[in-house]
């Protein structure tokens, strides 16, 4: 029988096309996985027979193919089983077979082994053992295959296999940061993916509990309710992986940003005012993944307990409801929560209060998972349950652990239904990397760390403030509710206050405490916005902020919540510069609150000048050294710069006020990350654009800029710049900046135009529409330009260039980068901005240029 490769290749292609057509018409994932296996079985059997292999050999499917599941672009894993080592002629024939695999268009992974070699490999590698466990004979010697299966099964130690697979899962979880909620999860390998389901079946098969959900149910491994849930999750993940393979025409199991929107549209999701289509898709994914991780934990613990009955320890009674088994919390009665729903929250209190407990037994987890249904409106209204919930919030230890456990088991979202709505909700806003519920728990974790002595070195100011705060547990309540209204459309800070007030009243908080928590939720973004976007040297800014906070308690609570919130957004968002800005605002506000008076411009200037003169004396400079420079500076300069900066500028410039050459001075930032840079030169229209271009080329991002023109026509500009690549070479960069920037300004070299660089995939696939607004400031002398745009190389240069073209003059710039998102504020004047048409023209042009 000859091998017609072309005919087989055509058959493979036709089968694949027919499978896709059938799936699109029926939406039957199980049928697709089964039918693809059957089609491949048929093709491989034809190929095997056409090459006239000896009857002593066997061809078997292994891995997912052996299990009977072949996704559209899955690899096909084969085992060619030999009775003894292959002869030279057989080896040649096997090589021809492998060549034909590729010729007919199948991606095949294969191994050629004797039975003994299979057993040896299985003993050394748990992955090989797992693949062989699912072997299925395709064609060839049935007796040889039966011998292989019998010996493989005879060598299998179910307990050892269980422990190895559990360890393998732990290692896999570590590769994916131990979370199902990553921005771009792998629907096969990530926690909560298909692999978690397969692990259950592998262990069940090795232990003889069955290879279907129904068989696991019959053998008491899984309950009816859990079986229904797992079947639903498995079906969802199967469909997702199938659609991903068909959409891309190749094997790809990662839900990359590049695919999420297209896949969401494929599922019929439509973007609305509250959520992008991709966010809706991912919320469904995360909720399924969460269910899989919970049930995987329960079922693995259950099978582990069944495999080691002799290791059962004598329970130690904790109270009427609970006992300790080993170091795990166990319920004394399987029907505890049905009989006494009050015990649901007591379970988490027991975990919080008992230092010796490290987890819960499988039956406790299972009972709690089932007990979610007991959390009804009546349960939520019960004073005892409300008291227990408040006790959890007020605990001395284990707060974050237990709230995470409650969230994982679905208890938290049932007790607080509005929290349940944001579980698994991702925010494709270019800076959040956690789902809303995970972000809230991160914020609670940060607040908890402020109270712990072992983290005092990391959060010194926060640790001191929280130790002074009365009833610091109120911050956990504020954290729990600060983002609870995300995804509803509208202002989540405002909408969240309604939920917060209702919770506080229902849970017996005093009027004073309720007012504080509601105020924190309403204003949780304010301190961050003031610190990062407004001029903290302006007494009016500080006075307005003090009017909002009112007293020390509100200021301290808001500072702590703001710090915890920013750090809980993304590891990339926080840096020491933002920490310094927040601390500066806090210190200025607390100083004036303690003095009982709002800051006044004349008092601030006198204080700064006196302090600057005191600092100058340390350098053995005369008492009048400052006079020549300061005569050229107006009050705005002294309001915008600290005493330390004023002294530095004076020290550097007092002897060259009329210098013909530019003066550039740089130094490590005295109060945070990065470098401080001062530029002094005769003023010119495009100076800011030139400087921005230089820093962009040098790999530095400007986070703060103060632009000033002296009375005699010199620019005195100050910058704080951060190294994008975080290189540890400040000394070399100081010398480089001072020399290179001076030379470029002196010789009027062509402007450095920053390279456009590559956009991140996140920016590319979830672009945000630029927002630009220009409004007059409160004094009526300047205009405030605010913009929000996707961050990218050259963004600030684009803004500077556009302002120059429109004849607008820049006074200050506050540059805030939140992950991949830029939120910048500029104080500008000139350019006929008092004319409404000119303002609109500048806004329109900026929006056009800032589009991705």
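Every residue gets a Cβ built from N, Cα and C, even glycine.
Summarising the annotation, Swiss-Prot assigns domain 'HD' to 436-555. Feature annotation from Swiss-Prot assigns domain 'ACT 1' to 676-755; the stated evidence is sequence analysis. The domain 'ACT 2' feature in Swiss-Prot is assigned to 784-852. Feature annotation from Swiss-Prot assigns region 'Uridylyltransferase' to 1-317. Taken from Swiss-Prot, the feature region 'Uridylyl-removing' covers 318-675.
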_I'm checking region-level scores; what's the whole-number mean pLDDT for the region 'Uridylyl-removing' (318-675)?_
92
*Which residue counts does DSSP give the domain 'ACT 1' (676-755) for helix, strand and coil?*
29 helix, 25 strand, 26 coil
*Per DSSP, what is the residue count of the domain 'ACT 2' (784-852) in each of helix, strand and coil?*
26 helix, 28 strand, 15 coil
_Counting by DSSP secondary structure, give me helix, strand and coil numbers for the domain 'HD' (436-555)._
85 helix, 0 strand, 35 coil
